[in-house]
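The structure appears right after this line, and notes come after that.
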């Protein structure tokens, strides 16, 4: 309404606003952040929906993600092709879910997908072991890691099949108010 | 998770039947990629236009107009929210603090910001309804201004709008037979209205906090939730991340080792010894609190004697007035150290227990100090033969608030700046100090309690407190980034925030409400100053007004409300009995659901 920007059509901006938790200004700011990663690849005109994908290395070097131990999994989960290369849509999606305005069950759903390393819709013991190693930076011995994973599965597995399904995980998250 | 074509059709149908804002919220919450969401959104719009077209061609242009109007309205809403978003206070600073130190430290700053907004609200109400009319009818101020007033609050400030004593009891009117402004009613109603709104705000925040953070855990949250749920995804500083990883691994090791520790049960003799140790420490802490209160009480009585007898305005008497706030702040600073030392000595089973017990002891100390001061003000000062006792109380609170602020800054200097210098130059093993979240939030609760007590006696003190809190915000922020490291222990942010809001509501706010209640209903206002001079009690202004209203036919409902609802005991009994029943009923429902969940869990496993 009065902002003379030529990057998106008004309908595109409205569609972005409807699908993410961001306002117009925030979407434009995110677009500029996306573009700053590779100014030569990203055009300034998105009205004709160009098909531009940025490689994972650029995304992973952003200051918000650089030190996050799960940055590779986050990029893989949110990228449409599953290999960490992200289009602008994926980029906006990712930040929308990671923002503080996203509801907890949405975050829990994506957290489940991030922790599910082998993409089989269950968090099995090997997924948990990889998670623990990433969270503690390999400071625990393999026996301790294994013990911890067994405890986690014992406590959270409601239907006793040896792995955590999405419902088990969401049930656990609901009981932990500190999850962000 | 949406598999299948028919599930999608059903979803589109559901979305099409919702209102526009609900639909947008539902689409935003869907865990799908953007492309899928756009697809679904387009299909929903097509479905809506198809439905409206079916209802009749005559209506289709109307729906087209309505759709366009809805889009226009949404764009207007966005512009409004964007311009208000710029007014969000300290948004960027808070994000940076959260990124470098985690959400536990951030909760302190959010609490501070929330208290500042409560004070801004109080200041606006008092300023617009009480102070501005007073400026119109102000008497000239003939006292000299020396710099000492800023510390003692007396002297020149005595005859300004800062204190209760200056306000007139007249009905102010600018022109003859023009609209008049009854200062007495304005005073009571604005302060009463502010406390009522504060009560509702606190009640709702507490309820929301409880609801979000205290959902009944069926099982004691063990390693599982600690592991997968306490990773603070908002931390982006490399050092902080590495520290968090090290902490998590230490905690996991402790937990694994602790499993073996819990298995040992204590022998009877050891249990008795532990109980005796706990009793002795509680006795010591309560004893110190009682001693502190007694000391403050006798000191203040002496002060009053000095003031009433002396009545000289020289430097010695003014300096003597500062002794009470300095002593109070000193006690508030050093006794908590004693409590933490006691806590460490006692040897609790979990560090969480130690934190809770220390917080409870600290809050008992501070609330009893405020309590004893209120007792002194209401019993001794109000009955003394000083000229204007409310102004005296206002001045006391001004000095207490000011010196609490000064000691807070000093505490920041000695507690964070010096240890950092020592930690980096002399003994490098100690490392940087940590930000003591619990202690700082309790300081805030104490300062806010004093401010609330002072609203009646010094209507502009919340405005001063806003300034002091803002300075504290900046100083703490700078000190945090310069001197502190991210917290090492796991601090259950959500539960602790709920606890602190509960502490703010229950001992602090309700205590202040009872003090204000006693003052308004029971105490005799001073004869020579203030808006209620000459009346038997402050509430008498309202009863007189009701008597005046009885003669007007239009306002009979107000009189009826007053006689039958506000002043009748039967009404409160009728209200509180169903409330108690409701609470008991809900509690039983929760218990029943817990049992049901346990049974279902058993069924699923087997």
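Heads up, the Cβ atoms here are built off N, Cα and C, so glycines get one too.
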Matching range for TrEMBL feature annotation, transmembrane segment, among B:496-521, B:522-547: B:496-521
B:223-242, B:243-262, B:343-362, B:363-382 - the range that TrEMBL marks as transmembrane segment: B:363-382
Transmembrane segment per TrEMBL - which of B:96-117, B:118-139, B:140-161: B:118-139
CB contact flag for the transmembrane segment (B:363-382) and the transmembrane segment (B:279-299), at least three pairs under 8 A: yes
Proximity of the transmembrane segment (B:279-299) to the transmembrane segment (B:118-139), 3+ C-beta pairs under 8 angstroms: no
Same-chain residue ranges lying at least 6 outside the transmembrane segment (B:118-139) that approach it to Cβ under 8 Å: 159, 161, 166-168, 170, 172, 174, 181, 183, 186-187, 189-191, 193-194, 197-198, 201, 448, 451, 455, 459-460, 462-463, 465-466, 469
